[in-house]
Amino acid sequence: MDFALLRDAFWGLTFDGLALGAIYALISLGYTLVYGVLRLINFAHSEVFMIGTFASLVASGIMGVKVEDDPRTGWKMVLTLLVCLLFSMAASAITAVLVEIVAYRRLRQRGATKLATLISAIGVSISLVELFRIITDSLPREFPRIMDKTFLFSYAGADIRNDKVIVIVAAGVMMFALERFISKSRYGKGIRAVSMDETTATLMGVNINRVITVTFLAGGLMAGAAAFFYILTYENTSFKVGFFLGISAFTAAVLGGIGNLKGALFGGFMLGILETYTSAVFGTAWKAVISFSILVLVLLIKPTGLFGESIQQARV
Amino acid sequence: MRLEIKDLHVHYGKIEAIKGISIVVNEGEIVTLIGANGAGKTTMLKTISGLRKVSSGQIIFNGEDISKMPAHKRADLGLSQAPEGRGIFPGMSVLENLEMGKYNRKDRKIEMKEDLDKVYHLFPRLLERSKQAGGTLSGGEQQMLAIGRALMARPKVLLLDEPSMGLAPLMIANIFNIITEINKTGVTILLVEQNAQQALQRAHRAYVLEVGHVVKEAKASDLLNDPAVRAAYLGTGAH
(Lines of atoms letter the chains of each structure in order from A and count residues from 1; the text may use other names and numbers.)
(Lines give C-alpha, C1' and ligand atoms only; values in the text may rest on other atoms or scores of the structure.)
Protein backbone atom coordinates (compact mmCIF):
# COMPACT_ATOMS: atom_id res chain seq x y z
CA MET A 1 0.00 0.00 0.00
CA ASP A 2 1.30 3.35 -0.98
CA PHE A 3 -0.61 6.26 0.44
CA ALA A 4 2.35 8.59 -0.19
CA LEU A 5 1.77 8.30 -3.94
CA LEU A 6 -1.89 9.18 -3.53
CA ARG A 7 -0.93 12.22 -1.43
CA ASP A 8 1.90 13.46 -3.65
CA ALA A 9 0.23 12.89 -7.00
CA PHE A 10 -3.32 13.64 -5.85
CA TRP A 11 -4.26 16.17 -8.53
CA GLY A 12 -2.56 14.24 -11.29
CA LEU A 13 -4.46 11.11 -10.29
CA THR A 14 -7.70 13.07 -10.10
CA PHE A 15 -7.15 14.34 -13.62
CA ASP A 16 -6.38 10.83 -14.92
CA GLY A 17 -9.43 9.57 -13.06
CA LEU A 18 -11.61 12.16 -14.77
CA ALA A 19 -10.38 11.04 -18.19
CA LEU A 20 -11.06 7.38 -17.34
CA GLY A 21 -14.37 8.35 -15.76
CA ALA A 22 -15.44 10.15 -18.94
CA ILE A 23 -15.03 6.87 -20.83
CA TYR A 24 -16.97 4.93 -18.18
CA ALA A 25 -19.69 7.57 -18.18
CA LEU A 26 -20.15 7.39 -21.95
CA ILE A 27 -20.47 3.60 -21.86
CA SER A 28 -22.75 3.58 -18.83
CA LEU A 29 -25.17 5.92 -20.63
CA GLY A 30 -25.91 3.03 -23.00
CA TYR A 31 -26.71 0.65 -20.14
CA THR A 32 -28.92 3.18 -18.47
CA LEU A 33 -30.79 4.31 -21.61
CA VAL A 34 -31.68 0.76 -22.57
CA TYR A 35 -32.63 -0.12 -19.02
CA GLY A 36 -34.91 2.91 -18.86
CA VAL A 37 -36.83 1.86 -21.95
CA LEU A 38 -36.78 -1.96 -21.76
CA ARG A 39 -36.01 -2.66 -18.07
CA LEU A 40 -33.26 -4.90 -19.43
CA ILE A 41 -29.54 -4.96 -18.70
CA ASN A 42 -28.05 -5.11 -22.19
CA PHE A 43 -25.11 -7.37 -21.44
CA ALA A 44 -24.02 -7.16 -25.06
CA HIS A 45 -23.28 -3.46 -24.58
CA SER A 46 -19.68 -4.22 -23.54
CA GLU A 47 -19.17 -5.85 -26.96
CA VAL A 48 -20.71 -2.83 -28.67
CA PHE A 49 -17.84 -0.95 -27.06
CA MET A 50 -15.26 -3.61 -28.00
CA ILE A 51 -16.29 -3.47 -31.66
CA GLY A 52 -15.91 0.31 -31.52
CA THR A 53 -12.25 -0.02 -30.54
CA PHE A 54 -11.59 -2.32 -33.49
CA ALA A 55 -13.40 0.09 -35.80
CA SER A 56 -10.90 2.80 -34.82
CA LEU A 57 -8.10 0.38 -35.61
CA VAL A 58 -9.56 -0.31 -39.05
CA ALA A 59 -10.09 3.41 -39.66
CA SER A 60 -6.47 4.20 -38.78
CA GLY A 61 -5.45 1.59 -41.35
CA ILE A 62 -7.69 3.15 -43.98
CA MET A 63 -6.15 6.54 -43.22
CA GLY A 64 -2.74 4.98 -43.82
CA VAL A 65 -1.35 5.31 -40.30
CA LYS A 66 1.07 2.56 -39.25
CA VAL A 67 2.20 1.65 -35.77
CA GLU A 68 5.84 2.46 -36.56
CA ASP A 69 4.96 5.88 -38.06
CA ASP A 70 5.65 9.17 -36.32
CA PRO A 71 2.57 10.91 -34.95
CA ARG A 72 0.76 13.10 -37.42
CA THR A 73 0.49 16.85 -37.14
CA GLY A 74 -1.79 19.66 -38.21
CA TRP A 75 -4.95 19.10 -40.24
CA LYS A 76 -3.88 15.62 -41.20
CA MET A 77 -3.90 14.63 -37.54
CA VAL A 78 -7.28 16.26 -36.89
CA LEU A 79 -8.76 14.54 -39.93
CA THR A 80 -7.38 11.13 -38.91
CA LEU A 81 -8.69 11.53 -35.37
CA LEU A 82 -12.13 12.55 -36.63
CA VAL A 83 -12.35 9.66 -39.09
CA CYS A 84 -11.43 7.18 -36.34
CA LEU A 85 -14.00 8.72 -33.99
CA LEU A 86 -16.79 8.62 -36.58
CA PHE A 87 -15.90 5.09 -37.62
CA SER A 88 -16.08 3.87 -34.04
CA MET A 89 -19.36 5.64 -33.40
CA ALA A 90 -20.92 4.26 -36.57
CA ALA A 91 -19.69 0.70 -35.99
CA SER A 92 -20.89 0.64 -32.39
CA ALA A 93 -24.24 2.19 -33.24
CA ILE A 94 -24.88 -0.30 -36.03
CA THR A 95 -23.85 -3.19 -33.78
CA ALA A 96 -26.15 -2.00 -31.01
CA VAL A 97 -29.15 -1.68 -33.34
CA LEU A 98 -28.47 -5.09 -34.91
CA VAL A 99 -28.17 -6.74 -31.50
CA GLU A 100 -31.58 -5.35 -30.59
CA ILE A 101 -33.21 -6.54 -33.79
CA VAL A 102 -31.60 -9.99 -33.77
CA ALA A 103 -31.53 -10.84 -30.07
CA TYR A 104 -34.29 -8.88 -28.36
CA ARG A 105 -37.01 -7.73 -30.72
CA ARG A 106 -38.49 -11.08 -31.62
CA LEU A 107 -38.40 -12.28 -28.04
CA ARG A 108 -40.20 -9.12 -27.00
CA GLN A 109 -42.87 -9.51 -29.65
CA ARG A 110 -43.56 -13.04 -28.52
CA GLY A 111 -43.96 -11.80 -24.99
CA ALA A 112 -40.89 -13.68 -23.70
CA THR A 113 -39.93 -13.30 -20.05
CA LYS A 114 -37.22 -10.87 -18.92
CA LEU A 115 -35.02 -13.85 -18.06
CA ALA A 116 -35.13 -15.19 -21.63
CA THR A 117 -34.09 -11.80 -22.96
CA LEU A 118 -31.29 -11.57 -20.42
CA ILE A 119 -29.95 -14.96 -21.47
CA SER A 120 -30.18 -13.86 -25.09
CA ALA A 121 -28.13 -10.78 -24.17
CA ILE A 122 -25.41 -12.89 -22.55
CA GLY A 123 -25.45 -15.22 -25.56
CA VAL A 124 -24.89 -12.36 -27.98
CA SER A 125 -22.09 -11.04 -25.80
CA ILE A 126 -20.27 -14.39 -25.74
CA SER A 127 -20.75 -14.88 -29.51
CA LEU A 128 -19.24 -11.49 -30.31
CA VAL A 129 -16.30 -11.98 -27.95
CA GLU A 130 -15.54 -15.39 -29.45
CA LEU A 131 -15.91 -14.05 -32.98
CA PHE A 132 -13.28 -11.41 -32.28
CA ARG A 133 -11.08 -13.93 -30.50
CA ILE A 134 -10.98 -15.92 -33.72
CA ILE A 135 -10.48 -12.88 -35.96
CA THR A 136 -7.60 -11.57 -33.83
CA ASP A 137 -6.02 -14.97 -33.00
CA SER A 138 -6.57 -14.10 -29.32
CA LEU A 139 -3.85 -11.45 -29.60
CA PRO A 140 -4.06 -7.83 -28.47
CA ARG A 141 -3.72 -5.23 -31.19
CA GLU A 142 -1.68 -2.05 -31.04
CA PHE A 143 -3.17 1.25 -32.07
CA PRO A 144 -0.79 3.66 -33.82
CA ARG A 145 -0.01 6.95 -32.15
CA ILE A 146 -1.90 9.46 -34.26
CA MET A 147 -1.18 12.49 -32.13
CA ASP A 148 1.94 13.45 -30.25
CA LYS A 149 1.17 13.22 -26.53
CA THR A 150 2.58 16.16 -24.68
CA PHE A 151 2.05 17.83 -21.36
CA LEU A 152 0.17 21.04 -21.88
CA PHE A 153 0.90 22.49 -18.45
CA SER A 154 1.30 21.57 -14.82
CA TYR A 155 -1.18 22.48 -12.13
CA ALA A 156 -0.58 21.76 -8.44
CA GLY A 157 1.93 19.08 -9.40
CA ALA A 158 -0.45 17.50 -11.93
CA ASP A 159 0.82 17.17 -15.48
CA ILE A 160 -2.06 17.79 -17.85
CA ARG A 161 -1.65 15.64 -20.96
CA ASN A 162 -3.22 16.83 -24.20
CA ASP A 163 -4.96 13.60 -25.22
CA LYS A 164 -6.72 13.33 -21.87
CA VAL A 165 -7.89 16.92 -22.15
CA ILE A 166 -9.36 16.05 -25.54
CA VAL A 167 -11.08 13.00 -24.06
CA ILE A 168 -12.63 14.95 -21.18
CA VAL A 169 -13.73 17.89 -23.34
CA ALA A 170 -15.06 15.77 -26.21
CA ALA A 171 -16.89 13.43 -23.82
CA GLY A 172 -18.44 16.47 -22.18
CA VAL A 173 -19.67 17.70 -25.57
CA MET A 174 -21.19 14.28 -26.35
CA MET A 175 -22.96 14.13 -23.00
CA PHE A 176 -24.32 17.61 -23.49
CA ALA A 177 -25.57 16.72 -26.97
CA LEU A 178 -27.25 13.58 -25.63
CA GLU A 179 -28.88 15.51 -22.79
CA ARG A 180 -30.28 18.04 -25.30
CA PHE A 181 -31.48 15.24 -27.53
CA ILE A 182 -33.26 13.42 -24.70
CA SER A 183 -34.87 16.49 -23.19
CA LYS A 184 -35.76 18.49 -26.31
CA SER A 185 -36.07 16.36 -29.42
CA ARG A 186 -39.17 14.47 -30.47
CA TYR A 187 -37.51 11.06 -30.21
CA GLY A 188 -35.92 12.06 -26.93
CA LYS A 189 -39.36 12.77 -25.55
CA GLY A 190 -40.54 9.46 -27.00
CA ILE A 191 -37.74 7.68 -25.13
CA ARG A 192 -38.70 9.36 -21.88
CA ALA A 193 -42.39 8.66 -22.43
CA VAL A 194 -41.77 4.96 -23.10
CA SER A 195 -39.51 4.68 -20.05
CA MET A 196 -42.24 6.17 -17.85
CA ASP A 197 -45.37 4.54 -19.30
CA GLU A 198 -45.17 2.40 -22.39
CA THR A 199 -48.93 1.89 -22.76
CA THR A 200 -49.79 5.56 -22.65
CA ALA A 201 -46.90 6.34 -25.00
CA THR A 202 -48.49 3.98 -27.53
CA LEU A 203 -51.79 5.83 -27.19
CA MET A 204 -49.96 9.07 -27.98
CA GLY A 205 -48.91 7.53 -31.28
CA VAL A 206 -45.37 6.59 -30.23
CA ASN A 207 -44.02 3.70 -32.30
CA ILE A 208 -42.38 1.71 -29.50
CA ASN A 209 -40.11 -0.33 -31.78
CA ARG A 210 -38.75 2.77 -33.43
CA VAL A 211 -38.11 4.44 -30.09
CA ILE A 212 -36.26 1.32 -28.94
CA THR A 213 -34.11 1.38 -32.09
CA VAL A 214 -33.27 5.05 -31.48
CA THR A 215 -32.40 4.22 -27.87
CA PHE A 216 -29.94 1.53 -28.93
CA LEU A 217 -28.57 3.85 -31.60
CA ALA A 218 -27.93 6.62 -29.09
CA GLY A 219 -26.34 4.21 -26.61
CA GLY A 220 -24.19 2.76 -29.40
CA LEU A 221 -23.00 6.19 -30.54
CA MET A 222 -21.87 7.00 -27.00
CA ALA A 223 -20.14 3.63 -26.57
CA GLY A 224 -18.41 4.11 -29.95
CA ALA A 225 -17.10 7.50 -28.89
CA ALA A 226 -15.91 5.94 -25.63
CA ALA A 227 -14.17 3.21 -27.64
CA PHE A 228 -12.24 5.77 -29.66
CA PHE A 229 -11.26 7.75 -26.54
CA TYR A 230 -10.14 4.53 -24.90
CA ILE A 231 -7.94 3.39 -27.76
CA LEU A 232 -6.56 6.90 -28.23
CA THR A 233 -5.48 6.95 -24.58
CA TYR A 234 -4.32 3.35 -24.09
CA GLU A 235 -3.22 2.60 -27.67
CA ASN A 236 -4.21 -1.04 -27.70
CA THR A 237 -7.26 -3.26 -27.65
CA SER A 238 -8.19 -6.91 -27.59
CA PHE A 239 -11.27 -9.09 -27.88
CA LYS A 240 -11.73 -9.02 -24.10
CA VAL A 241 -11.51 -5.27 -23.65
CA GLY A 242 -15.30 -5.07 -23.41
CA PHE A 243 -15.48 -7.27 -20.36
CA PHE A 244 -13.46 -5.10 -17.99
CA LEU A 245 -14.66 -1.78 -19.31
CA GLY A 246 -18.21 -3.09 -19.43
CA ILE A 247 -18.18 -4.22 -15.81
CA SER A 248 -16.84 -0.87 -14.68
CA ALA A 249 -19.34 1.06 -16.78
CA PHE A 250 -22.18 -1.15 -15.56
CA THR A 251 -21.00 -0.56 -11.99
CA ALA A 252 -21.02 3.17 -12.73
CA ALA A 253 -24.60 2.97 -13.98
CA VAL A 254 -25.72 1.02 -10.89
CA LEU A 255 -23.77 3.36 -8.63
CA GLY A 256 -25.59 6.38 -10.01
CA GLY A 257 -28.96 4.61 -10.11
CA ILE A 258 -29.67 2.64 -13.26
CA GLY A 259 -32.18 4.22 -15.60
CA ASN A 260 -31.06 7.70 -14.56
CA LEU A 261 -28.89 9.59 -17.08
CA LYS A 262 -27.41 12.04 -14.60
CA GLY A 263 -26.69 9.14 -12.31
CA ALA A 264 -24.76 7.35 -15.06
CA LEU A 265 -22.61 10.43 -15.67
CA PHE A 266 -21.96 10.97 -11.99
CA GLY A 267 -21.33 7.26 -11.39
CA GLY A 268 -18.92 7.10 -14.33
CA PHE A 269 -16.76 9.99 -13.17
CA MET A 270 -16.87 8.88 -9.56
CA LEU A 271 -15.84 5.33 -10.40
CA GLY A 272 -13.07 6.53 -12.73
CA ILE A 273 -11.58 8.67 -9.99
CA LEU A 274 -12.02 6.02 -7.27
CA GLU A 275 -10.36 3.36 -9.43
CA THR A 276 -7.43 5.64 -10.16
CA TYR A 277 -6.91 6.47 -6.50
CA THR A 278 -7.17 2.87 -5.36
CA SER A 279 -4.89 1.69 -8.19
CA ALA A 280 -2.29 4.13 -6.89
CA VAL A 281 -2.62 2.82 -3.36
CA PHE A 282 -3.04 -0.93 -3.93
CA GLY A 283 -1.58 -1.34 -7.42
CA THR A 284 -3.39 -1.58 -10.76
CA ALA A 285 -3.92 -5.32 -10.34
CA TRP A 286 -6.62 -4.47 -7.81
CA LYS A 287 -8.65 -2.34 -10.19
CA ALA A 288 -11.22 -5.02 -11.08
CA VAL A 289 -11.53 -6.01 -7.43
CA ILE A 290 -12.40 -2.44 -6.60
CA SER A 291 -15.15 -2.17 -9.23
CA PHE A 292 -16.69 -5.50 -8.30
CA SER A 293 -16.58 -4.60 -4.61
CA ILE A 294 -18.30 -1.30 -5.27
CA LEU A 295 -20.92 -3.05 -7.41
CA VAL A 296 -21.65 -5.59 -4.67
CA LEU A 297 -21.71 -2.92 -1.96
CA VAL A 298 -24.12 -0.69 -3.87
CA LEU A 299 -26.42 -3.61 -4.61
CA LEU A 300 -26.36 -4.66 -0.94
CA ILE A 301 -26.71 -1.26 0.69
CA LYS A 302 -28.54 0.97 -1.80
CA PRO A 303 -29.77 -0.99 -4.84
CA THR A 304 -31.42 2.10 -6.31
CA GLY A 305 -28.03 3.83 -6.52
CA LEU A 306 -26.92 7.22 -5.26
CA PHE A 307 -29.51 9.09 -7.28
CA GLY A 308 -31.97 6.38 -6.36
CA GLU A 309 -35.47 7.10 -7.44
CA SER A 310 -38.32 4.68 -7.38
CA ILE A 311 -39.15 3.01 -10.69
CA GLN A 312 -42.30 5.08 -11.05
CA GLN A 313 -40.56 8.42 -10.94
CA ALA A 314 -38.75 10.52 -13.46
CA ARG A 315 -35.48 9.14 -14.56
CA VAL A 316 -34.20 11.40 -17.28
CA MET B 1 -67.25 10.10 -39.23
CA ARG B 2 -68.72 7.06 -37.59
CA LEU B 3 -67.29 4.44 -35.28
CA GLU B 4 -68.91 1.07 -35.57
CA ILE B 5 -68.02 -2.07 -33.68
CA LYS B 6 -69.43 -5.27 -35.12
CA ASP B 7 -69.72 -8.52 -33.20
CA LEU B 8 -66.53 -7.96 -31.24
CA HIS B 9 -64.92 -10.79 -29.30
CA VAL B 10 -61.86 -10.25 -27.09
CA HIS B 11 -59.99 -12.73 -24.92
CA TYR B 12 -57.64 -12.41 -21.97
CA GLY B 13 -55.80 -15.68 -22.30
CA LYS B 14 -58.60 -18.24 -22.35
CA ILE B 15 -61.15 -16.02 -20.67
CA GLU B 16 -63.52 -14.28 -23.04
CA ALA B 17 -63.97 -10.71 -21.79
CA ILE B 18 -66.05 -9.37 -24.70
CA LYS B 19 -68.58 -11.84 -26.06
CA GLY B 20 -69.92 -10.41 -29.26
CA ILE B 21 -70.58 -6.71 -28.69
CA SER B 22 -71.85 -4.41 -31.43
CA ILE B 23 -72.09 -0.68 -30.87
CA VAL B 24 -72.32 2.45 -33.01
CA VAL B 25 -71.04 5.93 -32.26
CA ASN B 26 -72.32 8.59 -34.68
CA GLU B 27 -70.66 11.90 -35.40
CA GLY B 28 -71.28 14.53 -32.75
CA GLU B 29 -72.69 12.15 -30.15
CA ILE B 30 -71.73 11.40 -26.60
CA VAL B 31 -72.21 7.68 -26.21
CA THR B 32 -71.64 6.06 -22.86
CA LEU B 33 -70.96 2.48 -21.83
CA ILE B 34 -72.13 1.79 -18.31
CA GLY B 35 -72.00 -1.35 -16.27
CA ALA B 36 -70.50 -2.95 -13.19
CA ASN B 37 -66.85 -3.83 -12.67
CA GLY B 38 -65.82 -6.63 -15.01
CA ALA B 39 -68.58 -5.91 -17.51
CA GLY B 40 -65.93 -5.25 -20.18
CA LYS B 41 -66.16 -1.47 -20.46
CA THR B 42 -62.44 -0.73 -20.20
CA THR B 43 -61.61 -3.71 -22.41
CA MET B 44 -63.86 -2.21 -25.08
CA LEU B 45 -61.92 1.06 -25.05
CA LYS B 46 -58.57 -0.70 -24.97
CA THR B 47 -59.58 -2.80 -27.94
CA ILE B 48 -60.80 0.21 -29.91
CA SER B 49 -57.52 2.04 -29.30
CA GLY B 50 -55.54 -1.09 -30.15
CA LEU B 51 -54.07 -2.00 -26.78
CA ARG B 52 -55.93 -5.34 -26.80
CA LYS B 53 -56.07 -7.74 -29.70
CA VAL B 54 -59.36 -8.52 -31.41
CA SER B 55 -60.22 -12.24 -31.41
CA SER B 56 -62.94 -11.74 -33.99
CA GLY B 57 -65.24 -9.00 -35.22
CA GLN B 58 -64.63 -5.60 -36.76
CA ILE B 59 -63.83 -2.08 -35.65
CA ILE B 60 -64.87 0.24 -38.46
CA PHE B 61 -63.74 3.84 -38.30
CA ASN B 62 -64.60 6.18 -41.15
CA GLY B 63 -65.47 3.20 -43.29
CA GLU B 64 -62.13 1.48 -42.71
CA ASP B 65 -61.68 -1.71 -40.72
CA ILE B 66 -58.94 -0.83 -38.23
CA SER B 67 -59.17 -3.94 -36.08
CA LYS B 68 -55.70 -5.15 -37.12
CA MET B 69 -53.98 -1.75 -37.20
CA PRO B 70 -51.20 -1.19 -34.60
CA ALA B 71 -52.24 1.06 -31.72
CA HIS B 72 -49.80 3.88 -32.46
CA LYS B 73 -51.25 4.30 -35.96
CA ARG B 74 -54.83 4.49 -34.73
CA ALA B 75 -53.90 7.64 -32.82
CA ASP B 76 -53.09 9.28 -36.18
CA LEU B 77 -56.56 8.56 -37.54
CA GLY B 78 -58.20 10.72 -34.90
CA LEU B 79 -58.87 8.23 -32.12
CA SER B 80 -57.60 9.76 -28.94
CA GLN B 81 -57.82 8.24 -25.50
CA ALA B 82 -57.62 9.53 -21.96
CA PRO B 83 -56.79 6.16 -20.43
CA GLU B 84 -57.83 4.42 -17.26
CA GLY B 85 -55.73 5.70 -14.38
CA ARG B 86 -54.98 8.80 -16.52
CA GLY B 87 -51.55 7.69 -17.70
CA ILE B 88 -49.78 10.94 -16.91
CA PHE B 89 -46.03 10.85 -17.58
CA PRO B 90 -44.95 11.60 -14.02
CA GLY B 91 -41.49 12.99 -14.75
CA MET B 92 -42.59 15.25 -17.58
CA SER B 93 -43.90 18.73 -16.99
CA VAL B 94 -47.55 19.51 -17.68
CA LEU B 95 -46.48 21.26 -20.88
CA GLU B 96 -44.41 18.27 -22.02
CA ASN B 97 -47.32 15.94 -21.29
CA LEU B 98 -49.51 18.11 -23.50
CA GLU B 99 -46.86 18.16 -26.23
CA MET B 100 -46.82 14.35 -26.15
CA GLY B 101 -50.44 14.46 -27.28
CA LYS B 102 -49.19 15.82 -30.59
CA TYR B 103 -46.32 13.34 -30.92
CA ASN B 104 -47.35 12.03 -34.31
CA ARG B 105 -49.11 15.04 -35.84
CA LYS B 106 -47.44 16.12 -39.07
CA ASP B 107 -48.15 19.80 -38.46
CA ARG B 108 -47.40 19.66 -34.75
CA LYS B 109 -45.13 22.72 -34.79
CA ILE B 110 -47.70 24.88 -36.58
CA GLU B 111 -50.63 23.69 -34.49
CA MET B 112 -48.89 23.65 -31.13
CA LYS B 113 -49.53 27.18 -29.88
CA GLU B 114 -53.13 27.31 -31.02
CA ASP B 115 -54.00 23.98 -29.43
CA LEU B 116 -52.14 24.74 -26.20
CA ASP B 117 -54.18 27.95 -25.96
CA LYS B 118 -57.39 25.96 -26.44
CA VAL B 119 -56.50 23.44 -23.75
CA TYR B 120 -55.36 26.15 -21.34
CA HIS B 121 -58.61 28.01 -21.98
CA LEU B 122 -60.56 24.87 -21.16
CA PHE B 123 -58.40 24.07 -18.12
CA PRO B 124 -56.86 27.30 -16.75
CA ARG B 125 -55.45 25.21 -13.91
CA LEU B 126 -53.08 23.50 -16.34
CA LEU B 127 -51.64 26.83 -17.44
CA GLU B 128 -50.86 27.70 -13.82
CA ARG B 129 -49.05 24.39 -13.43
CA SER B 130 -47.52 24.11 -16.88
CA LYS B 131 -43.94 23.80 -15.58
CA GLN B 132 -44.81 21.44 -12.74
CA ALA B 133 -44.08 17.71 -13.06
CA GLY B 134 -47.17 15.68 -14.01
CA GLY B 135 -46.64 13.32 -11.09
CA THR B 136 -47.11 16.13 -8.56
CA LEU B 137 -50.63 17.08 -9.70
CA SER B 138 -53.78 16.22 -7.78
CA GLY B 139 -56.11 13.54 -9.12
CA GLY B 140 -58.49 16.09 -10.63
CA GLU B 141 -55.67 18.01 -12.25
CA GLN B 142 -54.26 14.80 -13.67
CA GLN B 143 -57.64 14.01 -15.19
CA MET B 144 -57.74 17.48 -16.75
CA LEU B 145 -54.25 16.88 -18.10
CA ALA B 146 -55.22 13.48 -19.52
CA ILE B 147 -58.21 14.98 -21.33
CA GLY B 148 -56.25 18.05 -22.44
CA ARG B 149 -53.47 15.87 -23.78
CA ALA B 150 -55.96 13.75 -25.71
CA LEU B 151 -57.40 16.93 -27.23
CA MET B 152 -53.95 18.03 -28.43
CA ALA B 153 -54.16 15.31 -31.08
CA ARG B 154 -57.24 17.05 -32.58
CA PRO B 155 -59.32 13.90 -32.19
CA LYS B 156 -62.40 13.04 -34.16
CA VAL B 157 -63.42 10.62 -31.44
CA LEU B 158 -62.37 11.07 -27.85
CA LEU B 159 -62.30 7.89 -25.76
CA LEU B 160 -62.69 8.60 -22.05
CA ASP B 161 -62.08 5.85 -19.52
CA GLU B 162 -63.63 6.50 -16.10
CA PRO B 163 -62.86 10.23 -15.93
CA SER B 164 -64.65 10.53 -12.57
CA MET B 165 -62.67 7.80 -10.83
CA GLY B 166 -61.30 8.83 -7.46
CA LEU B 167 -62.44 12.45 -7.73
CA ALA B 168 -64.37 14.60 -5.27
CA PRO B 169 -68.03 15.33 -6.23
CA LEU B 170 -67.34 18.94 -7.12
CA MET B 171 -64.45 17.98 -9.37
CA ILE B 172 -66.63 15.30 -11.00
CA ALA B 173 -69.28 17.87 -11.91
CA ASN B 174 -66.54 20.15 -13.21
CA ILE B 175 -65.00 17.44 -15.40
CA PHE B 176 -68.40 16.46 -16.84
CA ASN B 177 -69.22 20.09 -17.62
CA ILE B 178 -66.02 20.26 -19.60
CA ILE B 179 -66.78 16.99 -21.38
CA THR B 180 -70.10 18.46 -22.50
CA GLU B 181 -68.31 21.61 -23.61
CA ILE B 182 -65.77 19.61 -25.63
CA ASN B 183 -68.59 17.71 -27.32
CA LYS B 184 -70.22 21.01 -28.32
CA THR B 185 -67.06 21.95 -30.22
CA GLY B 186 -67.74 18.98 -32.49
CA VAL B 187 -65.74 16.21 -30.87
CA THR B 188 -67.52 12.85 -30.74
CA ILE B 189 -67.15 11.15 -27.37
CA LEU B 190 -67.25 7.55 -26.24
CA LEU B 191 -67.42 7.57 -22.47
CA VAL B 192 -66.94 4.64 -20.13
CA GLU B 193 -68.20 5.32 -16.62
CA GLN B 194 -69.00 3.74 -13.28
CA ASN B 195 -70.76 6.95 -12.29
CA ALA B 196 -73.87 6.12 -14.30
CA GLN B 197 -75.85 9.07 -12.96
CA GLN B 198 -73.47 11.66 -14.41
CA ALA B 199 -72.80 9.67 -17.55
CA LEU B 200 -76.48 9.26 -18.42
CA GLN B 201 -77.21 12.92 -17.72
CA ARG B 202 -74.55 14.00 -20.19
CA ALA B 203 -74.75 11.36 -22.92
CA HIS B 204 -77.07 11.14 -25.89
CA ARG B 205 -77.19 7.37 -26.03
CA ALA B 206 -76.03 4.58 -23.77
CA TYR B 207 -75.25 0.90 -23.78
CA VAL B 208 -75.52 -1.19 -20.64
CA LEU B 209 -72.85 -3.89 -20.46
CA GLU B 210 -73.00 -7.04 -18.35
CA VAL B 211 -70.20 -9.61 -18.36
CA GLY B 212 -69.17 -9.05 -21.95
CA HIS B 213 -72.63 -8.53 -23.47
CA VAL B 214 -74.75 -5.53 -24.32
CA VAL B 215 -77.95 -6.03 -22.33
CA LYS B 216 -79.63 -2.73 -23.16
CA GLU B 217 -79.29 0.08 -25.63
CA ALA B 218 -81.35 3.27 -25.43
CA LYS B 219 -81.40 7.04 -25.28
CA ALA B 220 -79.56 8.08 -22.17
CA SER B 221 -82.51 10.04 -20.83
CA ASP B 222 -84.74 6.96 -21.14
CA LEU B 223 -82.26 4.81 -19.22
CA LEU B 224 -82.12 7.45 -16.51
CA ASN B 225 -85.84 6.78 -15.90
CA ASP B 226 -85.69 3.02 -16.43
CA PRO B 227 -86.50 1.34 -13.08
CA ALA B 228 -84.29 -1.69 -13.74
CA VAL B 229 -81.31 0.50 -14.61
CA ARG B 230 -82.00 2.77 -11.65
CA ALA B 231 -82.04 -0.21 -9.32
CA ALA B 232 -78.88 -1.74 -10.73
CA TYR B 233 -76.67 1.26 -11.46
CA LEU B 234 -78.12 4.35 -9.83
CA GLY B 235 -78.43 3.18 -6.26
CA THR B 236 -81.86 2.06 -5.03
CA GLY B 237 -83.83 4.28 -7.30
CA ALA B 238 -84.59 6.77 -4.54
CA HIS B 239 -84.90 10.50 -5.46
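Positions of Cβ are set from backbone N, Cα and C atoms, glycine also.
Bear in mind that TrEMBL entries carry predicted annotations, made automatically and left uncurated.
Features as listed in TrEMBL:
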TRANSMEM  A:20-41  transmembrane segment
TRANSMEM  A:48-65  transmembrane segment
TRANSMEM  A:77-103  transmembrane segment
TRANSMEM  A:115-135  transmembrane segment
TRANSMEM  A:165-182  transmembrane segment
TRANSMEM  A:211-232  transmembrane segment
TRANSMEM  A:238-258  transmembrane segment
TRANSMEM  A:288-308  transmembrane segment
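The stretches the transmembrane segment (A:48-65) and the transmembrane segment (A:115-135) meet in space: the count of Cβ pairs below 8 angstroms, excluding pairs fewer than 6 apart in sequence, reaches at least three. Within the same chain, residues 244, 247-248, 250-251, 254-258, 260, 262-263, 266-267, 271, 274-275, 278-279, 282 sit at least 6 positions outside the transmembrane segment (A:288-308) and bring their C-beta atoms closer than 8 Å to a C-beta of that stretch.
Residues 22-24, 26-27, 29-31, 33-34, 36-38, 42, 45, 48-53, 55-57, 81, 84-85, 87-97, 99-101, 105, 143, 146-147, 163, 166-167, 170-171, 174, 178, 181, 187, 190-191, 194, 201, 241, 245, 249 of the same chain lie 6+ residues outside the transmembrane segment (A:211-232) yet bring a C-beta within less than 8 angstroms of a C-beta in it. Contact count against the transmembrane segment (A:165-182) (Cβ pairs under 8 Å) is highest for A:20-41, out of A:20-41, A:77-103, A:115-135. Beyond the ends of the transmembrane segment (A:77-103), by six or more residues, the same chain brings 30, 42, 44-45, 47-49, 51-56, 58-60, 62-63, 65, 71, 117, 120-121, 123-124, 128, 146-147, 170, 212-213, 216-217, 219-221, 223-225, 227-228, 231-232 to within a C-beta distance below 8 angstroms of the stretch.
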